[in-house]
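Asker: One structure, as structure tokens, below. Some questions next.
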Amino acid sequence: MTIRGLVGEAPTKNQEMLNWIEEAVELFQPESVVFCDGSEEEWNELAEQLVEHGTLIKLDEEAQPNSFLARSNPSDVARVESRTFICSKTEEDAGPTNNWMDPEQMRAEMREHFSGSMKGRRMYIVPFCMGPITDPSPKLGIEITDSPYVVMSMRIMTRMGKEALDKIGENGEFVKGLHSVGAPLEPGQEDSTWPCNDTKYITHFPEDREIWSYGSGYGGNAILAKKCYALRIASAMARDEGWMAEHMLILKLISPEDKAYYICAAFPSACGKTNLAMIQPTIPGWRAEVVGDDIAWLHFGEDGRLYAVNPENGFFGVAPGTNYASNPMAMKSMEPGNTLYTNVALTDDNNVWWESKEGEPQHLIDWLGNEWTPDSGNKAAHPNSRYCVPIEQCPVAAPEFNDPKGVPVSAILFGGRRADTVPLVTQARDWNHATFIGATLASGQTAAAAEAAVGSLRHDPMAMLPFIGYNAGDYLQHWIDMGNKGGDKMPEVFLVNWFRRGEDGRFLWPGFGENSRVLKWIIDRIEGRVEADETVVGYTARYEDIYTDGLKETEEDIREALSVNPADWERDLADNEEWLKFLGPKVPSEVWDEFQGLKDRVEAAK
């Protein structure tokens, strides 16, 4: 079958795919069409083209081999939650946490925007696999895009190209993604270095397993394998198929006895998730490796335990705040190069810099392309600037990240950024209690999403608020159901808070690599080696059971970090009740029972 604009024959005989591509060509009207094969030649060709075009700046080959800096349009710098839609067949299925529009109405509206939106541009057909390509029943996808920057990002973030296309084969299932930056070119019209459109839509059709995105070239809005597929669409698939798609890191912790434990952790953005994923333990004999830094797909193994797979192939991390002290392994991952940077600053010797990175440059070109000095009064890198780098370059990448069976999960952590109330570490009483803890997880507002007031407390159930692809009440029910199915083989669940402050406003706990002391306590609990204090919020660690050798912090500070004040929790009760009511009538009775249990314990502790 010939496709208009494609040179030669299509490299697939999958009729459903070919028909879909033909419809897309008809709709978008691109100048040419190309199937991406994921090869190095293709990467080099795209990079060369984008450097020539001014979209990418090639970095110093010695310092940053095969690496590039992109500067986006200043209006296109983060996920736009207000323009993100879950277009399930009924509004009830989208629930109160998602924007909803009738799917037929949305398709009609988007077709108008898509119509001719690739004029003067090349259409790229990007086949990709979520998780290891060796998986006997892999989750596959195809993104159709007009952004070569997206193609390069997808090559890092997924197993992309010919192998994935071959996996789909003649009749394999795949998630369909359509993406256009929404900037058609008339003959002779000069192109922008970062084409995008003021009108933006990131829409999901969960029942049809489709994603349509328009107007943005940035990160999670455009790299559809990331949050769109790996969380929003996958969470709907997981509910239907009996697994879980979660916004969690996957960490491998190795004890002095050489026993490996796998820990998943869900933190809202800017709460130290990537730092924990690549933690370097400070306590003797303990080691850690990373399986994933952002997303975990959890399923039951043959032995009835919960196993985690990282569906991604790269890290897409926030650059500012990353340095050799806070996250040495992320920095070392970038040392071999092959990295795509977005909206960081450029040094005079063609290298990259961002706030809190080592060195004090006296002159830079900032993320907007302007001259910058320390007196400029603005940040040189955008607060949500990014590095995109292959996982395999991380010196502590666990080999299991390529194992389609996944890794057995010993513990799940929830954590937010709370200055008060929440102790350093507490164990949930059981799975239903854990679901309640996750459902009411809250954090101080950060600037990693494009909207919302910084500093306010934001509820973020399981750190999934922007990513649940269906009704949040049904999502909590799915957690309860998975717990019922897994029984006593479910992982233990813990609530952590690295960010507790004293009355004078200083952090009580040092965080970063020292968090390994908390991880050790968690393992000690799993192995039955330590007791805990039963508090209103769960089983809280006792000071004497935390390994404190070599810690600079005082005993007084650590005791305060571990403390549980029922009066603080009483203050949280009204907030939690309001939140659960907002989530609507589908919130499981088990979660309300846990809320009542907390209320009763707080009352009894007065």
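Backbone N, Cα and C atoms are what each Cβ position is placed from, and that goes for glycine too.
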Asker: Among Asp166, Asp294, Asp303, which is the one Swiss-Prot gives for the Mn(2+) site where Lys227, His247 also bind?
Answerer: Asp294
Asker: Please identify which of Arg239, Arg305, Arg417 is recorded by Swiss-Prot as part of the GTP site containing Ala270, Cys271, Gly272, Lys273, Thr274, Asn275, Arg386, Phe512, Gly513, Glu514, Asn515.
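Answerer: Candidate in the recorded GTP site: Arg417.
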Asker: Taking Ser32, Ser269, Ser333, Ser443 as the options, which does Swiss-Prot list with Arg79, Tyr218, Gly219, Gly220, Asn384, Ser385, Arg386 at the substrate site?
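Answerer: Swiss-Prot names Ser269 for this substrate site.
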Asker: Determine, using Cα-Cα distances only, which of these recorded positions is closest to Phe512 (GTP binding site): Cys271, Asp294, Asn384, Ser385.
Answerer: Cys271
Asker: Going by Cα-Cα distance, pick out whichever of the binding-site residues His247, Asn384, Arg386 is nearest to Glu514 (GTP binding site).
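Answerer: Closest by Cα distance to Glu514 (GTP binding site) among the binding-site residues His247, Asn384, Arg386: His247.
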Asker: What whole-number value in Å do you get for the largest C-alpha pair distance within Ala270, Cys271, Gly272, Lys273, Thr274, Asn275, Arg386, Arg417, Phe512, Gly513, Glu514, Asn515, the residues recorded as binding GTP?
Answerer: 25
Asker: Grab the substrate binding residues from the record (Arg79, Tyr218, Gly219, Gly220, Ser269, Asn384, Ser385, Arg386) and give me their largest CA-CA distance in Å.
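Answerer: Largest pairwise Cα separation, rounded: 17 Å.
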Asker: Where His247 (Mn(2+) binding site) and Ser269 (substrate binding site) are concerned, what is their Cα separation in Å, rounded?
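Answerer: Cα-Cα distance, His247 (Mn(2+) binding site) to Ser269 (substrate binding site): 10 Å.
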Asker: Expressed to the nearest Å, what is the distance separating Asn384 (substrate binding site) and Ala270 (GTP binding site) at their Cα atoms?
Answerer: 10
Asker: Take the mean position of the Cβ atoms of Lys227, His247, Asp294, the recorded Mn(2+) site. Which other residues of that chain put their Cβ within 8 Å of it?
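Answerer: Leaving out the recorded residues gives Lys226, Ala230, Leu231, Ile295, Phe467.
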